[in-house]
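Pulled from TrEMBL, these are the features on record:
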type: TRANSMEM; residues: A:12-35; note: transmembrane segment
type: DOMAIN; residues: A:76-266; note: domain 'ABC transmembrane type-1'
type: TRANSMEM; residues: A:80-101; note: transmembrane segment
type: TRANSMEM; residues: A:113-132; note: transmembrane segment
type: TRANSMEM; residues: A:144-167; note: transmembrane segment
type: TRANSMEM; residues: A:188-211; note: transmembrane segment
type: TRANSMEM; residues: A:217-237; note: transmembrane segment
type: TRANSMEM; residues: A:244-266; note: transmembrane segment
Amino acid sequence: MNSAPLIRRRTGSLLGLAAWLCGIAFFLPVAWMVLTSFHSETDAATNPPSIVAGLSLHGYREFFGAGTGVSPWPPLINSLTASVVSTLLVLALAVPAAYALSIKPVRKWSDVMFFFLSTKMLPLVAGLLPVYLVAQNSGMLDSIWLLVILYTSMNLPIAVWMMRSFLSEVPGEIMEAASIDGAGLHTTLTRIVAPIAMPGIAATALISFIFSWNELLFARVLAGVVAGTAPVFLTGFVTSQGLFLAKLCAAATVISLPVLIAGFAAQDKLVQGLSLGAVK
Amino acid sequence: MPTATETTRRGPRGQAAVAVPGRQAARARRAQRARDWARRAPLLPALVFLVVVTQLPFVATVVISFTHWNALAPGNRGFAAFDNYVAVFADSAMRSSVVTTVLLTVTVVLVSLLLGLGLALLLDRSFRGRGIVRTLLITPFLVVPVASALLWKHALYNASYGLLNGALTWIWGLFGSHDPPQPDWMTNSPLAAVEVSLIWQWTPFMMLILLAGLQSRAADAIEAARMDGASAFDIFRYLTLPHLRRYLELAALLGTIYVVQNFDAVFTITSGGLGTANLPYTIYQTFYQAHDYGRASAQGVVVVLCSLVVATFALRTVSSLLREEVTR
């Protein structure tokens, strides 16, 4: 009878151990990527793997253009521009829309919500050709602004869903009380809505930024040369001759870094965002 | 919430409009209409933007799908009636890419949902370093997808210097063998290679949603059940699982939306070869390499019609989520 708590404690620590092992297993490929990025090319491509080889910054020097003279900054800046500007546009469009769908809802607001979500279910690739043709004829091909527009439309439905879910938390009674007390629209927005909406805006911005930063298909087809983004640049890093693994891992690490930092810093926001705000 | 809307809309002025005919009523109607537009105004920019950027191109796709149009043969442009659709349905590559898309999506979503559930259950208990383990587990989701695909292809799967075969050499070496198996992962099982890399990426996503679901359970009900002598399995079966249902549905729905459209992994790991070409990749190829605009558009229309079937089903699931929220 005394052994029951002991057994429970033992299975408890075994389950904790299992969780640790799973965590390490899932992390292993990323750890390997970072380790390889600090190896020399010859140490990176050995079999069996050389885990304790000398560290080198060769991969990173190559990524920043030491060997080829090709600078990674233009694509990185393109990615940053496309992600940041489209995220700002998404917020500018989604916040008022979410307001009209939750705080002072229009008629048939749920139909509008489903329209937004249904655009997300149509495969993006089905609209690729007309967009390409329009871009070609209007001279917007290979322009970062075209990507800004497309990324905005890609993230807008999710953003509206998320923001609506956050704004529907604003208690209606307080809004009414405020208007009875003679608070104007401006006061209501800044004093009552904004404090509740801010975390939601942060989560929406994070998700929108990550999806824009990651996008490959549109960037590849519509903006291959001048406006090429970081993911497009990364696919060009694989060469058919010579060793490239350390260089590739360095590039993959650098390009993933902004998302990794943003994601680690805002883990809870990530959950809220990914579930369209349904999970809090 | 709907009741609040109703009362504001049928305010005292609205009723007066029914009772008093003539100019006063017209004025009231105008005022009502102005109020309606004031309500709609903040919604319009987003709505108009989305219609222009996502719906108009699709209309254009439908139009182009009925034309002969190959960019490599500009002389031959003209009305094609259903030629492109006949070609699409007769195309065995197109049919097999439909099967591939379904297989890929179902496998990735189901396996990562199950793994995610297991991991969420492990993380729901308190143990030393739980925060660190959670961070380790979500890392795969934060690697840029194309970087992750390149990582799996070159650093893990590669037959001569990838980590998988490297580990086999190392393990066999421990037992004194100099003849370890060195399978060529991407050639032997190309679809599984793509699936494993995607499962690795999407399991954290499923886990995060399910973990949030687990942590929103009512602790007192579980405590009461435990007091009454319910086994851990019974608690899981009769309390946890019903509660988790909507979170499972949500995770599956969102996972499906994203995995169906996957392009990065298929493009990078196998370049659509060896039976791994899914629909987005096939359309990309028809458009980008064959330059057959008419055919690519017909493929696009077929894909959209198929996804409408899936979407209707999925939207019904979401609408139940929304209704729950409304009645809450």
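The count begins at 1 with the first shown residue.
Every residue gets a Cβ built from N, Cα and C, even glycine.
Computed from a predicted structure; not experimentally measured.
Outside the transmembrane segment (A:80-101) by six or more residues, the chain places 109, 112-113, 144, 147-149, 151-152, 155-156, 159-160, 162-164, 166-167, 193, 197, 201, 204-205, 208-209, 212-213, 219, 229 with a CB less than 8 A from a CB of the stretch. Taking every recorded stretch in A:113-132, A:144-167, A:217-237, A:244-266 and counting its Cβ pairs under 8 Å to the transmembrane segment (A:188-211), the highest total belongs to A:144-167.
When Cβ-Cβ distances below 8 Å are used as the criterion, the transmembrane segment (A:12-35) is approached by residues 51, 249, 252-253 of the same chain, each at least six residues removed from its ends.
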